[in-house]
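Undergrad: From TrEMBL, here are the annotated features:
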- 12-32: transmembrane segment (TRANSMEM)
- 101-153: region 'Disordered' (REGION)
- 285-307: region 'Disordered' (REGION)
- 297-306: compositional bias 'Low complexity' (COMPBIAS)
- 314-340: transmembrane segment (TRANSMEM)
- 343-366: region 'Disordered' (REGION)
- 348-357: compositional bias 'Basic and acidic residues' (COMPBIAS)
- 388-489: domain 'Protein kinase' (DOMAIN)
- LYS416: ATP binding site (BINDING)
Amino acid sequence: MSVLAVSNATGLLRRVWYLFLQLLVILCYVISITDADLADNLFEGPTLSPSRVPLAAPAIPDLPLPANLPLLHKPWKKHFSPHGAPAFVVAPAQPPNYGPLITSGHPPTSSRLSKPSTKKNALVPPSVGLVDVAPTQSGDGTNPTGLAQPPLSPSVSDCCKPDMVLKRGSHGCHCVYPIKLDLLLLNVSQNPNWNMFLEELASQLGLLVSQIELINFYVLSLSRLNISMNITPHTGISFSASDASAVNSSLALRKVHFDSTLVGDYRLLNLTWFEPPAPSPAPIVASSPMEAPAHQSSTSTSVGSSKKGKHTNWILILGIGAAIVIISIVSMLIICSCAFRKGKPKASPKETVKPRSVDPVSAAGSLPHPSSTRFIAYEELKEATNNFEPASILGEGGFGRVFKGVLSDGTSVAIKRLTNGGQQGDKEFLVEVEMLSRLHHRNLVKLVGYYSNRDSSQNLLCYELVPNGSLEAWLHAESYWCQPGLTPV
Ligand SMILES: Nc1ncnc2c1ncn2[C@@H]1O[C@H](COP(=O)(O)OP(=O)(O)OP(=O)(O)O)[C@@H](O)[C@H]1O
């Protein structure tokens, strides 16, 4: 393989290597981005727990979520955090700011709040529940406000999976994914009709009353109440994105109006939309009750799903990386093979010079002749020097005698007849002719032409005649011209 081809291949390899490094950098960047997403997912995991529903919601725009929420990459649940959540509102996940008006019938304990979405036999309609669970009315000392408690659903068991609740009115353990709502009621009357409240809420949200379950409440002041509820889907196991968005929109923009004699104005503190974790419906019936707290179960489930996502992402990253490496290697091989193929014709500098500068054979038995100067027939040279008569000798050098002559076109020339140098001499002669024919300088005698015949071992060079003899002749005139066979020009 020639030096040229090797250097070309090295350059290409270097380029391919740079390309490979660039791809590697891009891959690292992709990995870092994906890692950030993974970190986000992991961070987000625990927040999926119903017990960690954020109350101090981040600021969000006033506008409700669009009706067509993205269905791809759906989170397991979505928080529709309304705007303007009052800072003094007590988070459901945190110990409420109990004042002297805490109701005694159903003290809102944090343990209840940690499992808001699981209920046992919550099949009692609100009206019945109201009768069953309503606390003692005002004036009993336990509830100084005299506020009638909302009809909370009975306590529950852990029949359902995390984030799921029992569907009201169903038989067995029929679990569904709810929408969790936290409303701040700003002007609750002394003795509100909670049934009417639920009816108004359900009708304006396009729901059935049986779909709404009140799960907790905090009394914040004389007329303020923080109430939590689950809304279960009428059909299927979860709400669609558009349904959830519609509920969020209606409440966030306060399109739902309650009778002023009931609860007055309100604020949507939090809305959480739960969804099945996979596109395929989640199993409806849970296998066994869970001993662990719902918070832990849910958290572990979330982390598990995050791990699944992480695993999938890593497979994707590894796949992309492997593809890049394979493509790089294949490209490198292709480029190398192309380079070597290109390098072959350029075999060697020696070989490249010959075909370019030497013509095909001009006489039988002769080597290829140089094209850069004129080939003069032997007969013409013979004629020009009178058959190389001794009288035309100009001098003699190391390679042979030099004859004075006149070519057929009248050019006076000095013809150097080289002594036999053998086949190797022929080669060297032709190379020299090639070189001499390309040399042009005012102090150099111009080569007019040449004659070469390998068979007869005749090699002659024909120069321009330099009149007035040589410098040596002028310096040593007598001794020079006295040499036998030499005559002044
Ligand atoms: N172009 C020329 N015109 C006139 N005379 C020439 C020319 N070339 C050579 N001569 C004469 O022929 C003699 C021999 O020349 P040649 O070139 O063969 O040998 P050289 O240069 O003297 O020595 P060497 O053989 O070592 O190169 C020269 O001394 C010169 O007198």
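From the backbone N, Cα and C atoms, a Cβ is placed for every residue, glycine too.
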Undergrad: Counting only residues 6 or more past its boundaries, what in the same chain has a CB within less than 8 Å of a CB in the transmembrane segment (12-32)?
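TA: Non-local partners: 317, 320-321, 324-325, 328, 331-332, 335-336, 339.
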Undergrad: I want to check the contact list for LYS416 (ATP binding site): same chain, sequence separation of six or more, C-beta distance under 8 angstroms. What comes out?
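TA: Listed in sequence order: GLY397, PHE399, GLY400, ARG401, VAL402, PHE403, LEU460, LEU461, CYS462, TYR463.
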Undergrad: I'd like the per-state residue tally for the domain 'Protein kinase' (388-489) from DSSP, helix first, then strand, then coil.
TA: 30 helix, 33 strand, 39 coil
Undergrad: Over the domain 'Protein kinase' (388-489), work out the mean pLDDT and round it to an integer.
TA: 81
